[in-house]
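In TrEMBL this protein carries:
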ACT_SITE  His445  active site, proton acceptor
BINDING   Gly180, Ala181, Gly182, Val183, Ile184, Gly185, Leu186, Glu187, Glu203, Gly272  NAD(+) binding site
DISULFID  Cys41-Cys46  disulfide bond
DOMAIN    3-328  domain 'FAD/NAD(P)-binding'
DOMAIN    347-456  domain 'Pyridine nucleotide-disulphide oxidoreductase dimerisation'
Amino acid sequence: MSYDLVVIGTGPGGYVCAIRAAQLGLKVAVVEKRATFGGTCLNIGCIPSKALLHASHLFEEAGHSFAKMGIGVSTPKLDIKAMLGFKDQAVEGNTKGVAFLMKKNKIDTYHGTATIAAPGKVDVAMDDGSAQSLETKAIVIATGSDVARLPGIEIDETRIVSSTGALTLEKVPGKLVVVGAGVIGLELGSVWRRLGAQVTVVEFLDRILPGMDLDVAKSYQRILQKQGFEFTLSSKVTGVDSSGKTLKVSVEPAAGGEAKVLEADVVLVAIGRVPFTEGLGLEALGVEKDKRGRIVTDHYYRTNVPGIFAIGDVITGPMLAHKAEDEGVAIAELLAGQAGHVNYDVIPAVVYASPEVASVGKTEEELKAEGIAYKVGKFPFLANGRAKANDETEGFVKVLADETTDKVLGVHIIGMEAGEMIHEAAVLMEFGGSSEDLARTCHAHPTRSEAVKEAAMAVEKRSIHM
Ligand code: FAD
Ligand code: NAI
């Protein structure tokens, strides 16, 4: 078979790229080695984790918050099997949706493992045991990422789990030790804490959520501690003894020193993800990778081998589904002769625990490091009418604007639905807007988004409700 484009991998990068290219008139095929489409995100990432976050949040709310609003319910009972079933349905609905979109856009689909035999030639070892050879003008590698492992600690996905195993635990662990205070650790730690686990997070650095604004990270740590999370910062896990009924987790200070032992029923290893390129045949082709195993691309997603492109988790940049999707659109448009691009200065990041954390643009630490003079406007949800009405007053909005031009350079939010609120800041920043623009935009009352406007007003110390 002969194509304009063969996309390897159908995660958010790959399937979006395929659809956009088909919309633009290219003859497109995708190759996927997983039984279902949607990649990490739909199968074992964004979607199942959010389904469990939603269900576990409601479980906790029913147990703790309903009574004070005058809603009498008997103590909620957990049916873990049914909750996992709810999550599986969410996954199925989404992956089937992608299968439908493939058909709708007349994209040929191959279920099997792809190897790039040469530029313009993709060999597929099909799941049914047969082989296919596809001729194509362009190849986009969108093979995503895999779990980073800790040397000497074997993940069995039952007692010592990665995020994948943490999405399928059949019983709530009494004690859960999470290695890594990044996004996965806090989100999946939240799920199991809400369902009854005692959660201890061991983090190598002296802070949680590296990369997020430090002020935000510190406040968020306090909020999580109030919820029952325990943090052991500046520490590393050096081994897990799984010989007994209870796991024995050895934890040492990051700088070295005396080890202590934590007991756990389950250990979740969440220390990051690594690009996945196994079996593609890149070494034989001479496709360049960096020290961290990421495929090196230029501004147009070209690798050093003509006709071979790469996007998503397998290249540099944040390992986020929406970043992969936007790159998928950009490369499809470039291949169709248009001017696709991604603005890497405006990629929102969200932690979907409760309350949520959302961020777009620069942190204070980044602005300081770059020597950019900035102004800060901050507004707490404690002073927001809607947050007070709902009794959800934790968190704040912080707007960072250029000292001289007033251009908004970063917005950081801790609060309920922060992940929805962040997008007005993203749109503003995409248009190069100022804090004055944000402050003078009429916001509906009573909404939490008024706190975004008030934080923008606070940049010039003129917020009304503070
Ligand atoms: P992937 O989604 O990893 O897809 C790659 C696909 O390529 C896979 O299906 C794989 O089977 C296939 N493949 C690999 N090699 C071959 C081959 N040789 N032949 C054929 N097929 C191949 N991001 C967010 O933005 N928001 C979130 O809420 C979020 N939550 C997450 C929660 C968890 C638990 C995890 C693990 C990740 C989460 N992420 C989230 C990250 C997000 O899943 C990734 O950034 C995103 O999936 C990357 O998309 P991708 O298209 O680059 O690759
Ligand atoms: P991460 O990079 O967010 O966090 C990993 C944490 O582990 C860091 O704080 C790091 O300092 C720590 N760490 C590393 N080695 C350690 C060690 N030996 N001992 C103790 N701590 C150690 O990675 P995470 O949470 O695994 O997530 C992987 C990727 O998936 C991220 O890049 C993230 O963007 C993406 N993701 C995104 C989500 C979202 O957008 N809501 C949700 C889940 C994942």
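Including glycine, each Cβ sits where the backbone N, Cα and C put it.
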(message) Using a Cβ cut-off under 8 Å and a sequence separation of 6 or more, which residues in the same chain sit near Cys41 (disulfide bond)?
(response) Gly11, Pro12, Ile47, Ala321, Ala324
(request) Any same-chain residues 6+ apart from Leu186 (NAD(+) binding site) with CB under 8 Å of its CB? Would you list them in sequence order, or say none? (result) Val201, Ile208, Leu209, Leu224, Val351, Ala353
(message) With the NAD(+) site defined by the record as Gly180, Ala181, Gly182, Val183, Ile184, Gly185, Leu186, Glu187, Glu203, Gly272, how many Å span the farthest pair of C-alpha atoms?
(response) 15
(message) If I take the alpha carbons of Cys46 (disulfide bond) and Gly182 (NAD(+) binding site), what is the distance between them in whole Å?
(response) 15
(request) Quick one: of the recorded positions Cys41, Leu186, His445, flag those whose CB is under 6 Å from ligand 2, and say none if nothing qualifies. (result) none
(message) Taking 8 Å from the centroid of the Cβ atoms of Gly180, Ala181, Gly182, Val183, Ile184, Gly185, Leu186, Glu187, Glu203, Gly272 as the cut-off, which other residues in that chain fall inside it around the NAD(+) site?
(response) Val178, Gly189, Val201, Ile208, Leu209, Ala270, Ile271
(request) Please report how many Å separate the Cα atom of Ile184 (NAD(+) binding site) from that of the residue listed as 'active site, proton acceptor', as a whole number. (result) 34
(message) I need the CA-to-CA distance for Glu203 (NAD(+) binding site) versus His445 (active site, proton acceptor), whole Å please.
(response) 40
(message) If I take the alpha carbons of His445 (active site, proton acceptor) and Gly180 (NAD(+) binding site), what is the distance between them in whole Å?
(response) 39
(request) Might you list, by sequence position, any residue in that chain lying six or more from Gly180 (NAD(+) binding site) with a Cβ less than 8 Å away from its Cβ? (result) Val201, Val202, Glu203, Phe204, Val269, Ala270, Ile271, Gly272
(request) Look up Leu186 (NAD(+) binding site) in the DSSP assignment and report helix, strand or coil. (result) helix
(message) Among all protein chains shown, how many Cβ atoms are found within 10 Å of the Cβ of His445 (active site, proton acceptor), not counting that one?
(response) 9
(request) For the domain 'Pyridine nucleotide-disulphide oxidoreductase dimerisation' (347-456), jot down how many residues DSSP puts in helix, in strand and in coil. (result) 40 helix, 33 strand, 37 coil
